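Undergrad: I have a structure here, written as structure tokens, and I will follow up with some questions on it.
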Amino acid sequence: MKRIGYLASCFIMCVTIFSPMGALAKEKAAPPNSEMNFAPHASSAIMIEADTGTVLYEKNANEKMPPASITKVMTMLLIMEAVERGELKFTDKVRTSERAASMGGSQIFLQPGEEMTVEDMIKGIAIASGNDASVAMAEHLAGTEESFVNRMNERAKQLGMKNTHFVNSNGLPAENHYSSAADIAIMSRELLKHEGITKFTGTYQDYLRKDSASPFWLVNTNRLVRFYEGVDGLKTGFTGEAKYCLTATAKRNNMRIIAVVMGEPDVKTRNNEVSTMFNYAFTHFQVMPMYKKGETVESLTVDKGQTPKVNVVTPQAVSLLMKKGESADTYTKEVVMNRSVNAPLSKDQVVGHIFIRTKDGREVNRIDLFPEQQVNKASMWEILKRTTKGVLISY
């Protein structure tokens with residue numbers, strides 16, 4: 001039986017892929033195919049399958065480049081995470097500062113002192129690429145845009161984005177503001193874990209200030225939302241330095257693909273090359289769903305915890321990526337978990353893994369597993385009562 005050194009006591013289960021499986025979390029790159037050049041006009045590009053993070057195509061993917069408005073993917077990620085934590089509600093009102101209203105470039109023409117809901121601000125960012133809305137939200141969440149940008153860079157570091165540094169929240173040209181196609185794919189994948197985001201990024205047209213005398217018409221800067229089946233995001237970008245950029249996502253038959261191109265010469269070429277990347281992925285690959293987000297894999301004993309047992313769950317939906325025509329029984333699953341842990345136990349503590357391998361032992365993916373809930377340490381009185389009860393039952 002294989003042992004993992006940092007797991008003090010564990011159990012391992014190995015079965016074929018035909019049975020339900022757990023959450024894929026670590027990215028594994030497919031071997032690059034030098035014959036494929038789906039984005040010949042792009043300076044850099046990458047295409048991944050979202051559930052597994054498998055790289056299907058890449059070109060200069062780690063090269064540092066100006067990301068333009070694709071920067072707003074990180075801005076939207078921090079907003080959605082604040083909503084999920086309960087720090088922010090979609091109905092909250094956001095007041096526009098003079099600085100936010102002064103932003104140039106693409107905007108929703110916010111006026112100093114104007115108030116708009118968080119939901120409408122996100123629409124302005126996701127659909128119209130509003131630079132003013134991005135700064136307004138940054139200031140609302142962190143007090144100043146500078147403080148918010150510090151959070152952006154810290155989050156990028158946490159996600160393992162090694163070739164990224166942000167200077168502002170909207171992507172307007174600035175010295176030392178850069179990212180890479182690979183890093184953009186990472187933050188795009190993270191944003192898509194918030195399933196509600198595609199309600200905004202996948203909308204082709206909408207209105208702001210609907211009840212006012214001057215409604216503002218929003219049209220998505222990502223035309224693929226309308227013209228390519230399955231596209232529901234994510235973000236375009238353009239500056240003179242960055243040229244035409246796009247991180248796009250499309251979903252068909254339970255498979256979600258993320259394609260990123262940077263430095264394209266024009267919108268038409270950008271959209272055509274991303275469409276070609278999508279066509280290849282949907283023609284040659286398929287996914288087999290394994291676990292839903294938050295599905296229980298096993299239970300875990302929590303020594304000296306207020307709750308003696310806790311479910312261990314997947315952090316996101318899990319699929320197995322295969323070439324079309326490939327059989328799922330050529331893969332195996334291995335679950336490696338602690339038998340028990342000591343309280344306290346936090347929700348973000350990794351307590352096990354699922355390993356996906358081919359029959360010849362090659363690791364395809366590795367999935368972190370987490371406790372379903374936080375477990376605080378029990379008081380001495382609670383532990384004593386539990387111990388006494390156990391002794392009495394044994395008699």
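These residue numbers are counts, starting from 1, taken along the chain as shown.
Glycine residues also receive a Cβ, built from the backbone N, Cα and C atoms like all the rest.
TrEMBL entries are annotated by machine, without manual review.
These numbers come from a predicted model, not from an experiment.
In case it helps, TrEMBL gives these features for our protein:
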{"type": "ACT_SITE", "residues": "LYS72", "note": "active site, proton acceptor"}
{"type": "ACT_SITE", "residues": "SER129", "note": "active site"}
{"type": "BINDING", "residues": "LYS235", "note": "substrate binding site"}
{"type": "DOMAIN", "residues": "285-377", "note": "domain 'Peptidase S11 D-Ala-D-Ala carboxypeptidase A C-terminal'"}
Undergrad: Quiz question: given the recorded positions LYS72, LYS235, which has the greatest number of C-beta atoms lying within 10 angstroms of its own C-beta?
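TA: The residue with the densest Cβ neighbourhood is LYS235.
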Undergrad: Can you tell me the mean pLDDT for the domain 'Peptidase S11 D-Ala-D-Ala carboxypeptidase A C-terminal' (285-377)?
TA: 90
Undergrad: In the three-state scheme derived from DSSP, which category covers the residue listed as 'active site'?
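TA: Going by the DSSP assignment, the residue listed as 'active site' belongs to neither helix nor strand, so it counts as coil.
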Undergrad: May I ask which residues of the same chain, at least 6 positions away in sequence, place their Cβ under 8 angstroms from the Cβ of SER129 (active site)?
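TA: SER129 (active site) has long-range Cβ partners SER69, LYS72, SER106, THR221, LYS235, THR236, GLY237.
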Undergrad: Using DSSP, how many residues in the domain 'Peptidase S11 D-Ala-D-Ala carboxypeptidase A C-terminal' (285-377) fall into helix, strand and coil?
TA: 3 helix, 57 strand, 33 coil
